[in-house]
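If you check Swiss-Prot, you get these features:
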type     : residues : note
TRANSMEM : 26-46    : transmembrane segment
TRANSMEM : 73-93    : transmembrane segment
TRANSMEM : 98-118   : transmembrane segment
TRANSMEM : 139-159  : transmembrane segment
TRANSMEM : 168-188  : transmembrane segment
TRANSMEM : 200-220  : transmembrane segment
TRANSMEM : 237-257  : transmembrane segment
TRANSMEM : 264-284  : transmembrane segment
TRANSMEM : 289-309  : transmembrane segment
TRANSMEM : 339-359  : transmembrane segment
Amino acid sequence: MLFELARWLQQFESLFGLFNYLTFRSILAALTALFLSLWIGPVLIQKLSQFKGGQPIRQDGPKMHFSKAGTPTMGGSLILMTVTLSVLLWGDLRNRYVWLVLVVMLAFGAIGWYDDWIKLARRDPNGLKSRWKYLLQSIFGLAAGLFLYFTADVPAAVTFYIPMFKSIALPLTSISFVAITYFWIVGFSNAVNLTDGLDGLAIMPTVLVACALGVFAYASGNTLFSSYLKIPTIPGAGDLIIICAAIAGAGLGFLWFNAYPAMVFMGDIGALALGAVLGTIAVIVRQELVLVVMGGVFVIETLSVIIQVTSFKLTGKRVFRMAPIHHHFELKGWPEPRVIVRFWIISVVLVLVGLATLKVR
């Protein structure tokens, strides 16, 4: 909205031409989301505290988590609210990718909200039944894939690329493209949700990955940079840096309240939405495999659950003391802050490795 106003005012004052620069608007988007989060956060937390009982705690979980009982949840609504407002203010609302990512974020956020509401209303830590959750996620994931495939305006937008191997480019059929899009959106949505089990554990890797994806989006949308870096040129993808910056700002604002010991939990409303956004942006800028590297913490958490469940069903034995794997380290005696910070460190390293692929091609 403000971007459109600035474009109109540019005819009267050249200073407003600053708003044509994505880098300038991305900084404004990040700061707007950050300050909105810090401003709205205390009020929202007070409102969420009115839900009696707060976040239900798993009875089979680590005993130290029982002290978290009563902590308000659904704090992810703060992130979705501030990201949406920031993007509407500073984003180019004529860009279809901007609208797609916003719709995906709000759609998966709605699924998460319903899941959280069931947990609170029924005092059931399991929430919405898995089959219904996956059905709803699948509908939106497939819809996003179909939209991206049939609105693609360049061959690069529907081609699969292997990082560091510029000569490998695999054209995708409609079925394979939609399948990959579905898997990345739904997969990362649930991966971030599985990671969100400790105070601040999921949000910092999300912020880091969002910042890195913003770099890829900016480069992909710029013909000069994408040609130099030998990454696919996707017209219009550059505007996604606004969303990535808004997520970074909102995420840091949320972390202010979610840092150990947390005043509020993200809930599925935030985790499912943010994971879906990361997956969607990675698909748009054709960096699916790079996301697997940069989001390695989310991938490891998910694999630990898959390994645990598979092992127990086949052999009756558990590989980990508890899954997801962050609980395994808790039960080994690691204090919660140590687990969190070490996972953050791993995430920083993996994001740097992902960014390094920009030059290693």
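Glycine too: its Cβ is placed from the backbone N, Cα and C atoms.
Tallying C-beta pairs under 8 angstroms between the transmembrane segment (73-93) and each of 139-159, 168-188, 237-257, 289-309, 339-359 places 237-257 first.
A Cβ distance under 8 Å defines the sequence-distant neighbours of the transmembrane segment (237-257), meaning residues of its chain 6+ beyond its ends; these are 22-23, 25-27, 29-38, 41-42, 45, 75-76, 78-79, 82-83, 86-87, 90-92, 95, 97-98, 101-102, 200, 203-204, 206-207, 210-211, 213-215, 217-218, 220-222, 263-264, 266, 270, 274, 277, 281, 284-285. Across 26-46, 98-118, 139-159, 339-359, the stretch most heavily in contact with the transmembrane segment (200-220), judged by Cβ pairs under 8 Å, is 339-359. A Cβ distance under 8 Å defines the sequence-distant neighbours of the transmembrane segment (26-46), meaning residues of its chain 6+ beyond its ends; these are 72, 75, 77-79, 81-83, 85-87, 89-91, 214, 218, 241-250, 252-254, 256-257, 263-264.
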